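*Asks:* My questions all concern the structure below.
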Amino acid sequence: MATMIETPYEDLLRRVLEEGAPKGDRTGTGTLSLFGAQLRYNLAESFPLLTTKKVYFHGVIGELLWFLRGDSNVKWLQENKVRIWNEWADEDGELGPVYGVQWRSWPTPDGQHIDQIQVALDTLKNNPDSRRNLVSAWNVSELDKMALMPCHLLFQLYVADGKLSMQVYQRSADMFLGVPFNLASYAALTHMFAQQAGLEVGELIWTGGDCHIYNDHIEQVKEQLSRQPREYPQLKLHKAESLFDYDFDDFEVIGYDPHPTIKAQVSV
């Protein structure tokens, strides 16, 4: 008897398509929108890289490594053939104090900076039961300086029985283009934190606020939902010297057999 493949993302995508309320949005494209949803993935069993369409994993890892560099310029991304941030960059490639800057160099009132990622890792090692182990990109005082305000703005780390779980809050969730990318990114980050802290992986829990499908993605969504899901792959993570020393070659996806890519326009 065939094993039932769980499809939390596809189930939510179908819900938004069938139950979403028509809404306007910042980009002028228009959406179907549903407010408040949660997806759960057991990272010990598999890696949540969607199979109902091919997800650009090189781009997922490139962006994540770029965040962990604390970078605000697209130059490093472009050098590594990742162009997903080009639309928002200015003529010099700058984006302002976006995700990576807040993660690695959150400014304090006295002129110092906090490396939230290092603090989070230290907390995992020294106080794993802490309920205060969060990383935020939502710096209210700097939002207006950012080319794009954070969509996935907060994550919390949780340890039980030697397993690390992560919960992510995403205020604005582009269900077709953005969320598949974000799921894989935070799943990879959970593996990295766990490996560096000497823990096993637990769950990735994704919580979405405004979960939406853009009007010009509806046909693509219908095509994706018509496809039969396949087994999720596994992630083999080669250990780096530190959380900040991982490179593209350290991430090996095993058994990834997705349906073909489905093209769609990004709403800027």
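From the backbone N, Cα and C atoms, a Cβ is placed for every residue, glycine too.
Annotations per Swiss-Prot:
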ACT_SITE  Cys151  active site, nucleophile
BINDING   Arg26, Arg131, Arg132, Arg171, Ser172, Ala173, Asp174, Asn182, His212, Ile213, Tyr214  dUMP binding site
BINDING   Asp174, Ser267  (6R)-5,10-methylene-5,6,7,8-tetrahydrofolate binding site
*Asks:* Just to verify a number: CA distance, Arg132 (dUMP binding site) to Cys151 (active site, nucleophile), in angstrom, no decimals.
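*Replies:* Computed Cα spacing between Arg132 (dUMP binding site) and Cys151 (active site, nucleophile) is 21 Å.
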*Asks:* Of Arg26, Cys151, Ser172, His212, Tyr214, which recorded positions come within 10 Å of Ser267 ((6R)-5,10-methylene-5,6,7,8-tetrahydrofolate binding site), going by C-alpha to C-alpha distance?
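*Replies:* Candidates kept after distance check: Arg26, Tyr214.
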*Asks:* Within 10 Å of the residue listed as 'active site, nucleophile' (Cα-Cα), which of the binding-site residues Arg26, Ser172, Asp174, His212, Tyr214?
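*Replies:* Close binding-site residues: Ser172, Asp174.
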*Asks:* Sort out the sequence-distant neighbours of His212 (dUMP binding site) for me: same chain, 6+ apart, CB within less than 8 Å of its CB, listed by position.
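*Replies:* Expected: Val16, Gly20, Lys23, Asp25, Thr31, Leu32, Ser33, Leu34, Ser172, Ala173, Asp174, Met175.
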*Asks:* Just how many other Cβ atoms lie inside 10 Å of the Cβ on Arg132 (dUMP binding site)?
*Replies:* 9
*Asks:* Which three-state DSSP class does Ser172 (dUMP binding site) fall into?
*Replies:* strand
*Asks:* If you draw a 10 Å sphere around the Cβ of Asp174 (dUMP binding site), how many other Cβ atoms fall inside it, taking every protein chain shown into account?
*Replies:* 22
